[in-house]
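Annotated features, as they stand in TrEMBL:
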- 1-30: signal peptide (SIGNAL)
- 29-135: domain 'Cadherin' (DOMAIN)
- 136-245: domain 'Cadherin' (DOMAIN)
- 246-350: domain 'Cadherin' (DOMAIN)
- 351-455: domain 'Cadherin' (DOMAIN)
- 456-522: domain 'Cadherin' (DOMAIN)
Amino acid sequence: ETEAGRRPAMAIARQVLCLCAFLSLPHARCEPLRYSVAEEAESGSVVGNVAEDAELAPAQLSARGARLASEDGRQHFRLERGTGRLVVAERLDREQLCGQAATCTLAFELLLAKPLQFFRVEVALQDVNDHSPVFPEEGVTLRILETSNVGSRFPLEGARDLDVGSNSIQAYSIAPENEHFSVSFGTRSNGDKYVELVLEKALDREEQAEVGFDLIAVDAGSPPRSGTTQIRIVILDANDNAPVFTQERYVAEVLENAPEGSVVLHVVATDRDVGVNGDISYQFMQGVGQSYSAFTIDPKSGEIKLTKPLDFEEADKYEISVRATDGGDLSAICKVVVEVVDVNDNAPELVVSSFSSPLPENALPGTVVALFTVRDRDAGANGKVSCALEDHLSFALRPAYKNYYELVTVSTLDREETARYIVTVTAADAGSPPLTTTQTFTVDISDINDNVPVFNQTSYTMYVRENNVPTVLVGAVTASDADEGPNAKVMYSLSLAHPAEQPPCSCISVNSENGHVFVLRP
């Protein structure tokens, strides 16, 4: 089966669970629509049919303005409204999006309006074997005492494979086979992986001064990929003790706002030899895909310091390999784990998804004016966000779904009383001190015809001389309307004050536009 044939099949595989309603939204699902797709799938590859799985007709997607929304604003997928299919918007790189996490899930919401409805969508990005194991160096030289005991172990910096699971490194081997050494590969109790050369047969420098072979790392992908580094063993005599670290693994915590030059920790190695063979120097071992630019180590004391402030939101942990080498070129390796502690250095972010203005003054209480989401890039309490509305009698905030909020009306509106509202929403995190962000909504109120015209007098008395000239102006009436626009335009006409009276229309007329009253005949 070809790679192109496997990817569409993997993209179609999915599981859909639709179990219950959420809060006050009868159409928000508790269980998401779940799909899976292979990384590196071509743009336009079909992931699944969300319309079918959400039990929606494709026509509803366009009619209700269906769209995809994610917390980080990135659109990895595209919704075809005409068919309801969810397709890949761009080529996806699992390692770039999720690193070496065991699972990689891209989550977002499918939003529909009229009425407001949410569907949580989760797409599992499946790893493909698109990376080969890579050693940090093309060649490694080890200097080993000829007096080393059979069974002695010599640590190596292992290869790195950006893939995960069975596509990651599964085995190491030596080629050509060597009678003096074998390779051991495994995982320690703390979860750290190790690669070591094991001495199988005693060395004799006078018989053979150097030993060379290739170290091969292989993953279990289909087909498998491999990486190779050349190992050169220089056999020494004299210096019969290698440095030994006081710990195999050092752990330190550093505040992300710690200034440049702050001390992270000290690593310490000892050597039982004396003189030059007992002098130890320290240096970082640069690993594939790692950056130690934020740290520096004193080669004599083993003190590790910061070269720049750290950013918890950029990386919350660093793993550093340190080599201690004595004067006879014997060495040991330890691992340093630097855990970055979050401080409250990010204010909440408020993103408006929809906003309706102007709003008719006859809008019912509970009408949704705006929909927005809040988030904070900090962690823990520093990233917990609450929203509040400044004192306001006409509007309120209502939680909608997850970190979405609705701005709704809570009372009837009257344009003639207030034509515009300035509504301010404040988002605050739970840090100490808390950081806040404000968003102002200017809500204009549109007029409806809810006011009748009112005359400036309850009655008018007008006089005309007999034998008057036809169409003589005898006076004017004036009325006003509290509404605006067409609703406030007043038209005048005549009607009988008493049904028994003779219709006045034959001798009296009123201008419908300005209220001027005329006598039409003598």
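For all residues, glycine too, the Cβ spot is worked out from N, Cα and C.
Per-residue pLDDT, averaged over the domain 'Cadherin' (351-455), rounds to 92. In the domain 'Cadherin' (351-455), helix, strand and coil residues by DSSP number 4 helix, 56 strand, 45 coil. DSSP places the residues of the domain 'Cadherin' (456-522) in helix, strand and coil in these numbers: 7 helix, 14 strand, 46 coil. According to DSSP, the domain 'Cadherin' (29-135) comprises 15 helix, 40 strand, 52 coil.
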